Every structure is written in C-alpha cells, then in structure tokens.
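Participant: Questions regarding the structure given below will be posed in turn.
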Amino acid sequence: MSVVTDLLQQVVEGLGSGAVYASLALALVLIHRFTGIVNFAQGELAMLSTYVAWQLVASGMPFWLALPVTLAVSFAGGMLVERLVIRPVQGAPELTVVIVTVGLFIFVNALAGLVWSFTVKDFPQPFPDGGLYLAGVRLDWSTLGMIAVVAVVMGLLYLLFQHTSIGLVMRAVAGNPASARLSGIRVGRVLMLGWGLAATVGAVSGVLVAPVLFLEPNMMGGVLVYAFAAATLGGFDSPVGAVVGGLFVGVAETLTGAYVDVIGADLKVGVPLVIILAVLLVRPQGLFGRAAVERA
Amino acid sequence: MRTIVTTLGTDRVRRLRATLTVLLAAAAAGYVPFYFAPFQVFQLTMVLLYAVALSGLNLLVGFGGQISLGHGAFFAAGAYTAAVMLDRHDTGHLATLPVAAAGCFLLGLGFGVPALRLRGLYLALVTLSFAVFLPPLLKRLEPLTGGSMGLTVEKLQPPAWSGLAEDQWTYFVVLVVTTVALLLARNLLRSRVGRALLALRDNESAAEVMGVRLSLHKTLAFAWSAMFAGVAGCLYTWVIGFVSPDSFSFVLSVTLLAGLVVGGLASLYGPLLGAAFVMYVPSVSQDLDEAAPGVVFGLLIIAVMYVAPTGLAGLPGRVRGLVARRLPRPAAAPDRTPETGSPPDARPEPQAGDGPFATPGPADPAVVDAEPVGAPPRTEKE
C-alpha cells in the first residue's frame, strides 16, 4: 500500500469517527444557541438513549424499528430534562448552570450503571460488514453509513429551521427571547423543543458510536471531549461549524494517532485539548461563530 | 440598626466564644484517634485531606468565580510528585511537601495565564479536557510514574518516641498540615488578595476601575488553588502509600467540585463539610449498589443548587432567614387591619413581601454574596 493510499485510508477513518463527534457537537450547539448553556451532560444523555436502544433490541425488536422509538423517547426525555432540571436555573449565573449540568452528568451516569450495571455490552452494528474499494482505499459500509446519517440529520435540521413555521419560531427564540415572548411565542415550550431536538441528535451519535466503543456507562466521556473540541473549533453558535469541526477533529485525531509516534493511540485524547486551547487563544469565537460583543 | 447594636454588644462575648470553640475543637480533634477504630481514624484523615483540596478549589470557584473541572489533575500532580520523590530519590516524607506545593503552584500559574482569556464555560471546558488527558499521560510516562501499575511507596511511619500507632500518627500529621492550610486560606481571603478576588467576582469592570489588577489576581487565584490541591495530593500519597493513574480519573475532579458545592461555596466551613460528604456518602451508599454514590451525588448537587445555593454551610442562616420572613412582623399588623374592607381582588400590599414569592429564587446570586466572608454561620444572633 502506497503512502498516499495509506494517508487517504486514515482520513476516511477519521471522517467516520468525526461524524460521531459532529453529531454530538451538533447537539451541544443546538442547546447553546437556544439557551446559552453548554450542556456537560449531553454525552451522558446520549449514552442513556443508547441503552434504551440496546434494551429494545435485546428484547427482540429489529434495529431499524428500535431506532425511531429510541429517538422519540430521547426527544421526550430531552424536553423533560429542560422542564424539570434546567428551567429552574434558567438565567442564573453561569457557575450555577454548569454545576447543575455536571450534577445531571453524574446522576445520569450512575443511573445507567444502576439499571444496566457497569459491565460492557455488545451493541449490534446496524450497517452490513464489508465495504467498497475506491482507488485502493477501503470504504467500510459502517463508515459511509455514519457519514450518511450525520448528513441526513444535518439536512433535516436545515429543513426544519429554514423552511417550517416552527423553525422560524425557534430561530426567533434563539435570536431574541424577550422579543419573541412579546410577539406571543411561548418561549418555554420552544426551549423544551430545542432540548428535545438536541437530545435526539445526541442519541444518534450514541447509537452510531456504540458498536465501535461497546456500550457501557462511561462510553461517552471521551466522545464528549472531542465534541467540545469540535464545537469550539466550529464556533458554539454555528451548526455548520459543529459538523465541520467534528470532521476536522476526527481526522486530526486519527492522523496524529497514526503518524506522530510520541502521541500514539493512547495519548490521542490530548488532541482535543490542544485544539480547544489553540482555538480559544487564537480565535475564541471559532471558525464559523460570531464574536460576541459585550457592553461592560 | 438593631443588628449593628447587637453585634457591637456581643463582640467580647463573641471573642470568648470563638476561643472556646477553637479549644473544644482542638480537644475533640486530639481525642478522636484514641477513641475510634483505626479504619475510622483513616477515614477522618481522608476527610481532612480532602478539606485541603476543597478549600483550594473554594478559593478559585467560590471566591474567584472561575469554574474548574480539572482540580483532580492538580491533586494528581501533587500525589505523583510525592510518590516519585519517595520512590526514586528516597527523600523522606517531609521534603516532598514543599516540592509538591511549589510545583503545583507553578503548574497553576501556567494554567492561570490561558485561563485569563477563558471565561466561565470555556475555562470549564479546558480544565475538563486536561483532567481527561492526564491519566493516559501518566500511563505513558512509565519510567517515571510506573505506568498503569502505579507506584507503591512507604507510608508515614510513627517515630518511636511518639508511642503512637501508624493511623494515629498519620492523623496528627495530616491534622497539622490541614490546620495550617485552612488558616492560610482564611487569612489569604481576609487580606488584600481576598478582597481583590471578591471584588473581581462580583463586578469585574467596577473592580478594575477601582484599581484591582485583574490579570494578576485571577492568575494568582489559579496558582494558589492549584497549590492547595497539590498539597492534598501529597498528603494522599503519605496516607495511602500508593498512586495509580486510575485513582485520578476525571471522576475525582467532578467529585471535588460536587463536594465543594454541597458543602458550601464561598464559605470557610464549606470545604470541611464537603470533604466529609465526599468521604462518607460513597462509603455509606456503596453498600446498596456500586452506582448508588453517583445517584446520590448527582441528585444532591442539583437539589443544593435549587434550594440552598450556599450549601450545607449556609443552610442554618437560610432557614433562619426563611422563618423570619414567614413570621408576621409585629409592626405590620396594625397597618393591615383597615385594609380588610377592600375588595378581595385588591391584594393587601404587605402580603407581597411575606408570601412565597419573597423567598429568594433558586440560585439567587445575591444570597451567595450575602454571606460575609470568613464569618462563621452566625448562630449567636437569636
């Protein structure tokens, strides 16, 4: 295998894992757009959704039926979390909100352990084995599938936000909650909707990554850090940025793991740390984000 | 006004009281290791050690208003400094303490510089990814740190003249270090540095206009706070005699923050209460299920943020305030009587202040600030 083919192979694999980071980052960005909160529990909520999917499949439901059920459950769960956990601290200082989402993180993580135990579970691979070869580069069906799913999610969100009346309402709330409320929009319900959507998108990332990482309560901890890096790189208020950032982080991670011997496979988790630090120091608003102008 | 008079009047009583409290606490702390079983003494030692780490985190989060989700990393740095010195260089325990403290101070200083540009959420992100990155790094540096097997070093041994058992001697050593550390934290907060930090937390722009040097104090807060965590880590190595990368996972950082929040942010007693919480909640609930401590922790953190943002330390004051507000004020009663004839939909005005709406909203920032710095939860004002 030539050097170039090898490089391309690594890039393709990076794009595959990048797709997972992109969808979790998308969930983070959605919530940040609507509520200005960075949800530290996003990964854990996705993990919980993945357990729901696992439970459904284990009880005999075919995967492609279990998926929509899981997504619906996640949507409802996300709305519930917003209403019960986040609404009471909406508008509170940042420190309070962060601590509440960290509390939610610990709680959800332990809850999954309580219900499903900490033993590792096998998650069914939804995509067929094998793949196709393109110019000597192997494209697994699973990699292609992951990228396709994220593209579909992205497209659906675009349609929802830009071409439906509910999307218009949601953008109004994200843009200026006070004005939206004055023009008769039930801001609270829209925020619940936003959290529901984010939980659904996050669930997609959990289901996609579970066959690779194996299902256990701490599965999403690492993924969350990569998703943070992706969202920071793309800009916390840009959905397109989240996807681009996710793919970039995925490729960067795979390439450094493969080609930089000092880093190797075990220190790859340093890559998101470096990306986050570099972006925040050089261009804090991210590639696609708008710089917030504050009046002191 | 009444409060001021009472405070002035009770100043001497208060001083006497404080002296008595200190003496009593010292007597109790000295008596404890002879009364309890070795394992319980060990647990108390761990509480003291966590209290050091929490008081450092408190400097940063409670008083500095900066969020760190990575203090477990500084704790680990202190623990590993001590372990490596004991294992490779055989320096003896006491020599490791200043090195761990100074090393973590410098590490914190290094982190404090980028932290200046990162506010709130972003600082939390960076410290979180640092905490996630550290265990694999420790595993990688195998020649120095012993890799994933960790390092086993000698615990503290009681000198022959003391006639104490190992657990008792360790307890006393940790007690001394903790007392010094907590006093240092207290004095730091009552000094120029502490006042500058509070001013910055409450209003950055106003503080800067008044001449507080923002960059200096924010960076220093990070460094001090890292130093306390490092000292706690060093004590950890002394007490446990074993370090491994998996003891310092991201969970430790989260647990520290959780303990601080439950114990009470921006309170001097909060770290002690929080440390007890961090130590005993897992050991009690672990009997139920492996996951039970997490469930309890998570729920309590959220509950504390809703109903008692001042944590356990601020609870007595809050309850008293709540009760006082619910009780009808004697002076208000005669004013209210003529209004009884008014139509039912015209709500009598005083009620708005007495009703449930008057209770401070969840996570009311003003309540956190209302607690005077360094003052114990005031119990003398009946």
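Every residue, even glycine, has its Cβ placed from backbone N, Cα and C.
What TrEMBL says about a protein is an automatic prediction, not a curated fact.
Pulled these from TrEMBL:
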type: TRANSMEM; residues: A:12-31; note: transmembrane segment
type: TRANSMEM; residues: A:63-85; note: transmembrane segment
type: TRANSMEM; residues: A:97-119; note: transmembrane segment
type: TRANSMEM; residues: A:139-161; note: transmembrane segment
type: TRANSMEM; residues: A:190-214; note: transmembrane segment
type: TRANSMEM; residues: A:226-251; note: transmembrane segment
type: TRANSMEM; residues: A:258-282; note: transmembrane segment
Participant: Under 8 Å, at least three CB pairs between the transmembrane segment (A:12-31) and the transmembrane segment (A:258-282) (pairs 6 or more apart)?
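Facilitator: Contact between the transmembrane segment (A:258-282) and the transmembrane segment (A:12-31): absent, because fewer than 3 Cβ pairs are under 8 Å.
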Participant: Under a Cβ pair cut-off of under 8 Å, which of the recorded stretches A:63-85, A:97-119, A:190-214, A:258-282 contacts the transmembrane segment (A:226-251) most often?
Facilitator: A:258-282
Participant: Looking only at residues six or more beyond either end of the transmembrane segment (A:63-85), which have a C-beta under 8 A from one in the stretch?
Facilitator: 41, 45, 48-50, 52-53, 56-57, 100, 104, 124, 126, 188, 191-200, 202-204, 207
